[in-house]
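Following this message is one structure expressed as structure tokens.
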Amino acid sequence: MWKQRQGNNCNNPTMAPYTITYFPVRGRCAAMKIMLSDLGQEWKENLVNFEEWMKGDLKGTCVFGQLPKFQDGDLVLFQSNAILRHLARKHGAYGKDDKEAALIDMMNDGVEDLRLKYARLIYQEYETGKSQYLKDLPDHLSKFEAVLAKNKSGFLVGDKISFADYSLFDVLYNHTVLCSTCLDSFPALKSFVEKMSARPKIKALLECEAYKKLPINGNGKQ
Ligand code: 6SG
């Protein structure tokens with residue numbers, strides 16, 4: 001049986017409607033925790049360490065053999081982006097109509113592309129690929145910069161925050177840890193990260209000890 005951590009200072013999991021099961025890292029759960037916090041939602045957390053995971057019992061019950069696992073009552077979900085979308089539908093972070101929802105999906109897919117490049121660097125090429133990665137990064141960032149600079153609301157799509165904003169914020173935050181100056185020539189991205197970090201419930205999560213002590217990535221690289 002894996003360890004269940006009920007109560008972690010970051011939120012009050014008593015009666016929480018949601019349960020997140022994941023490794024003790026921020027990784028694929030950071031965006032959903034940022035989103036849940038900002039939306040004023042509570043969750044319980046089950047932390048699964050490497051040894052427990054390697055036993056394989058839990059893995060065998062996961063649809064794709066991977067975590068995170070997300071439970072909302074009797075609904076059990078895998079795939080972090082499907083989880084973000086489910087929460088966005090439930091809590092009004094998926095645009096005002098179908099057109100906005102389509103644009104939000106498009107932006108989130110763009111964020112996912114960058115997230116996968118980042119994950120490849122962190123997990124496969126950190127020692128050999130970092131300088132080339134940082135050379136290529138402005139080209140990727142400039143696309144998000146253009147979208148944010150055009151939309152006066154400060155969000156990716158429409159007038160309201162959406163799950164794509166939480167996801168972009170998470171990926172940008174990780175990149176500022178990778179390279180503290182990487183947003184310097186992107187004023188809209190810089191201001192986006194500052195504003196998202198300053199939203200009170202996001203700020204509280206980012207400053208909470210239990211969250212801070214989780215490494216960003218599973219191999220300790222950042
Ligand atoms: C890894 O990739 O931490 N899930 C990961 N790995 C374990 O056996 N497309 C989906 C999604 O969006 C991707 C899921 C994701 O939800 S996250 C998973 O389940 C497996 O495949 C990144 C991460 N990796 C660290 C890690 C996991 C197992 C071995 C290394 C944490 C560190 C040590 C044990 C637990 Fe570990």
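Heads up, residue numbers simply count up from 1 along the chain you see.
From the backbone N, Cα and C atoms, a Cβ is placed for every residue, glycine too.
Straight from TrEMBL, here's the annotation block:
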DOMAIN    16-95  domain 'GST N-terminal'
DOMAIN    97-216  domain 'GST C-terminal'
Summarise the domain 'GST N-terminal' (16-95) by DSSP state, stating how many residues are helix, strand and coil.
35 helix, 18 strand, 27 coil
Taking helix as H, G and I and strand as E and B in DSSP, count the residues of the domain 'GST C-terminal' (97-216) in helix, strand and coil.
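For that range the per-state counts are 92 helix, 0 strand, 28 coil.
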Tell me, roughly as an integer, the mean pLDDT over the domain 'GST C-terminal' (97-216).
98
